[in-house]
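Take a look at the structure below.
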Amino acid sequence: MRPGSVLALSPDGRRTSAAGVGRPRSEPSRPLPGTGLERQDGIAMTWEDPMRAALRLAANGPAAGVNPRVGCVLLDADGRTIATGFHRGAGTPHAEADALSKVPAGGARGATAVVTLEPCNHWGRTGPCSEALLEAGVARVVYGIADPGERSRGGAERLRQGGVEVTDGVLAAEIEEFLDDWLTAARLGRPHITVKWASSLDGRTAAVDGSSRWITGTAARQRVHEQREAADAIVVGTGTVLADDPSLTARGDAGELLPKQPTPVVVGTRTVPGDAAVFRHPQPAIVERTHDLVEVVADLYQRGFRRVYVEGGPTLAGAFIAAGLVDEYAIYLAPSLLGGPQLALGDIGVTTIGEQRRLRLLDVERLGGDLHLRAVPVPTPDQEG
């Protein structure tokens, strides 16, 4: 996953840093206390180094599933790695237990455990990681973000009570982005929802006559297919099905089906013909005969979907925004002007400038001649409270 930072574009299209913009930086680098360890270049090692290694380990875990992807690195008193581990899915050892299993009895005494997520503090299919770390004699635990689960959180406090030194917040922003779908499910009890659209620079998705193939170029369209493949479900409205008859498949450069296909979901009360392309999708289509998006999202969550990609027209996209159900935006902009009434967004509930929906850019990327923007909503004061 790309780091969550905004990028400027040089004239040749390469990415360059845009200082001071993007996700909040993690707290300043902190040297590893008591190790005296330095790299060959003379720069003191910091907690970010083993945490990045733990994050790379976490990426080996299954992307789909109810459990988070977590990585763990065990360091000895001199800062050397003695074992690593990651979580392989529900019912398997957690990352901390996986790492501890690779050292002999007593081998972790006095060690530091660097783990991406706060060690859990509850009995499920496996025991609490906080207790396993205490029993192993670990002296220090460094973690990235707190566990938001009502049953599983509290591991850091349990470790402190047991005399373990605990440091948190290391690479928190990067880990938050890495676990965004799982965190949305844990915090909000619903899937992580991305709304996508492609438009001209003046915000149009089609010409006056309705023609829209193609506004963006090949590179941008291929990125969309990659995002489709990464999603559990792809959502459109009945209006899009009736107007465009989309297949909603994830395809490669040559038009071949990609290995993973999102489940197509059609929302709305209008009748969709039985021979629509969506019903020939490799995954059985789900038809949600309602305009109640809260009800739709709850149903998708109950079905086990954790990452949802909304690719409908302006009405559906606007409805998701108005309902406050968007976690991320994927916006593709072509360097063209179309004019006319075919806007990318319908009504989003904004009637005056003070109600505008502000976004924070995570990333700007040039794809051929087009731009791909990733952004997240900026919480309003009442949401922050």
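Residue 1 is the first one shown; counting continues down the chain.
The backbone N, Cα and C atoms fix where each Cβ goes, glycine too.
Model, not experiment: these values are computed from the prediction.
Listed by TrEMBL as binding Zn(2+) are HIS94, CYS120; the candidate from CYS72, CYS129 that the record includes in that site is CYS129. Annotated NADP(+)-binding residues in TrEMBL are TRP214, THR240, ASP244, THR269, GLY313, PRO314, THR315, LEU316, ALA317, GLY318, ALA319, and among ALA198, ALA285, ALA298 the one listed with them is ALA198. Binding of substrate is attributed by TrEMBL to SER212, LEU248, ARG251, GLU311, and within the candidate set ARG190, ARG228, ARG270 the record adds ARG228 to that site. If you take the CA of GLU311 (substrate binding site) and look 10 A around it, the binding-site residues you hit from HIS94, CYS129, THR240 are THR240. Neighbour count (other Cβ atoms within 10 Å of the Cβ, all protein chains): 17 for ARG251 (substrate binding site). For LEU316 (NADP(+) binding site), the same-chain residues that are 6 or more apart in sequence and have a Cβ closer than 8 Å to its Cβ are VAL235, VAL236, GLY237, GLY239, THR240, VAL267, VAL310. Within 10 Å (C-alpha to C-alpha) of CYS129 (Zn(2+) binding site) lie the following recorded positions from GLU96, ALA198, SER212, THR269, GLY318: GLU96.
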